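Listed features, source TrEMBL:
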- 319-333: compositional bias 'Polar residues' (COMPBIAS)
- 68-421: domain 'G-protein coupled receptors family 1 profile' (DOMAIN)
- 247-361: region 'Disordered' (REGION)
- 52-77: transmembrane segment (TRANSMEM)
- 89-112: transmembrane segment (TRANSMEM)
- 127-148: transmembrane segment (TRANSMEM)
- 168-190: transmembrane segment (TRANSMEM)
- 210-236: transmembrane segment (TRANSMEM)
- 370-393: transmembrane segment (TRANSMEM)
- 405-424: transmembrane segment (TRANSMEM)
Amino acid sequence: MIDETLLNLTASPSSQPATLLSAVARGTHLVDQFPAHAEIFSDIERPLVQTVILASVLLVLILSCFIGNLFVILAIIMERDLRGRPQYYLIFSLAVADLLVGMIVTPLGAWFTVTGTWNLGVVVCDFWISVDVLVCTASILHLVAIALDRYWSITDICYVQNRTPKRITLMLAVIWFTSLLISLAPFAGWKDEGFSDRVLKSHVCLISQQISYQVFSTATAFYIPLIAIICVYWKIMRAAKKRFKRERDRRTVIRPPPDAIDEKKAMMPKKSKKCPLPPAVVISDIQANGGTGGKTNSIKNPPRHNESSSSASEEERTMTQTNHAPGDVTTQETKIDEENGRSKPGIVKRRRRTKESNEMKRERKAWRTLAIITGTFVACWTPFFLVSIYRPICGCQISPVLEQVTLWLGYLNSALNPIIYTVFSQDFRAAFKRIIKRMCLIHDY
């Protein structure tokens with residue numbers, strides 16, 4: 001008997017992979033093969049000072065997530081210009097998902113992190129995990145939808161005009177249905193056998209560790225969206241760079257006729273037969289849904305009297321006057337003398353040099369915007385999903401600190417989204433200022 005025990009203890013290392021593979025084949029709970037892993041959060045003791053500091057940091061993150069996304073939702077609801085533009089439906093739905101992260105997911109996660117144990121039972125654990133997967137997956141998929149919306153706005157000249165609420169609503173339905181499918185899959189039986197014991201005995205609330213579910217959920221919720229976001233933003237920058245180059249190469253100065261010109265008519269963009277109204281400069285669409293809200297290299301349009309909105313939208317306020325001939329974009333630069341209606345060549349040349357300099361700044365700003373968007377997403381979510389897929393495959397014990405840091409990095413993304421996708425936008429900045437002023441007036445009253 002002793003010999004058999006010694007034989008088992010000194011077995012070759014190849015026996016462990018065989019055990020792991022057999023567990024995968026049976027679809028059993030991998031944590032049972034490595035009991036130490038199920039106790040990664042147990043018996044964690046921290047000094048009181050560390051606990052207070054940790055709780056304070058998490059509280060700040062939770063409040064930032066809640067307040068930031070709440071402001072975005074209020075801005076879109078209260079501001080008619082934002083509410084009437086379909087592309088902001090995506091931002092609104094993203095803010096709802098991130099708000100739920102701040103309201104439900106992070107408070108329960110903070111309790112688990114600070115106490116180091118889960119004593120709320122199986123039902124609450126199931127609820128927390130399902131909501132966590134639902135809203136975090138929805139948040140990530142919204143970022144893919146926003147990237148696609150920007151790409152189509154840049155590559156398809158008619159997309160902005162055909163971007164109807166119905167189409168955006170269909171995109172949102174696909175996002176939330178996919179997220180719901182991933183979050184509810186464990187309730188349909190895609191859950192490891194040791195889930196309840198892990199919650200009740202080890203006091204650990206951990207998502208289903210069945211490897212097939214982990215591969216499905218991580219691929220659908222992160223790895224496929226990650227590849228999509230990187231590819232789409234890479235294509236956006238290629239299209240943007242080509243457009244910048246085309247603007248520089250094909251800019252011409254058009255002199256007006258000697259007779260007086262109606263300034264308003266001269267500044268109105270020509271209408272395309274295919275699209276009733278040309279969209280804004282394509283680069284502004286990198287920034288219109290979020291990112292930087294810098295002004296485009298443009299000619300400002302006078303307000304149209306038949307608009308239902310009290311003020312023109314950001315896309316309509318700054319539009320470049322272009323001729324939409326196939327394969328050609330010619331920007332008209334003419335400085336009109338308000339007194340006699342004639343052009344001033346000297347002013348035009350100076351403006352042209354200034355515009356060329358501004359173009360380089362816009363190009364750098366566009367690159368910086370896309371780098372921030374992509375870099376933030378990758379930095380926040382990649383560590384968590386690497387750990388998520390590594391844990392069931394390896395069956396190794398993961399450091400509790402690493403586990404918690406990667407978890408909260410993912411939650412941090414929901415607090416940063418309102419900053420990345422709205423605060424850099426001029427429309428949202430103005431809306432936030434108006435909301436704060438109203439709140440101050442109510443408080444003073």
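Note that Cβ sites are derived from N, Cα and C of the backbone, with glycine treated the same way.
Within the same chain, residues 24, 27, 29-30, 133, 136-137, 140-141, 143-144, 147-148, 150-151, 154-155, 178-179, 182, 185-186, 190-192, 286, 370, 373-374, 377-378, 381-382, 385, 388-389, 391-393 sit at least 6 positions outside the transmembrane segment (210-236) and bring their C-beta atoms closer than 8 Å to a C-beta of that stretch. Ranked by Cβ pairs under 8 Å to the transmembrane segment (370-393), the stretches 52-77, 89-112, 127-148, 168-190, 405-424 are led by 405-424. Residues 46, 83, 88, 91-92, 95-96, 98-99, 101-103, 106-107, 110, 113-114, 408, 411-412, 414-415, 417-419, 422, 428, 431-432, 435 of the same chain, all 6+ positions outside the transmembrane segment (52-77), place their C-beta atoms under 8 angstroms from a C-beta of that stretch. When pLDDT values are averaged over the domain 'G-protein coupled receptors family 1 profile' (68-421), the model yields 76.
Within its own chain, the transmembrane segment (405-424) has Cβ neighbours under 8 Å at 58, 61, 64-65, 68-69, 71-72, 75, 91, 94-95, 97-98, 101-102, 105-106, 109, 113, 136, 139, 143, 146, 287, 289-293, 369, 372-373, 376-377, 379-381, 383-384, 386-387, 432, counting only residues six or more beyond its boundaries.
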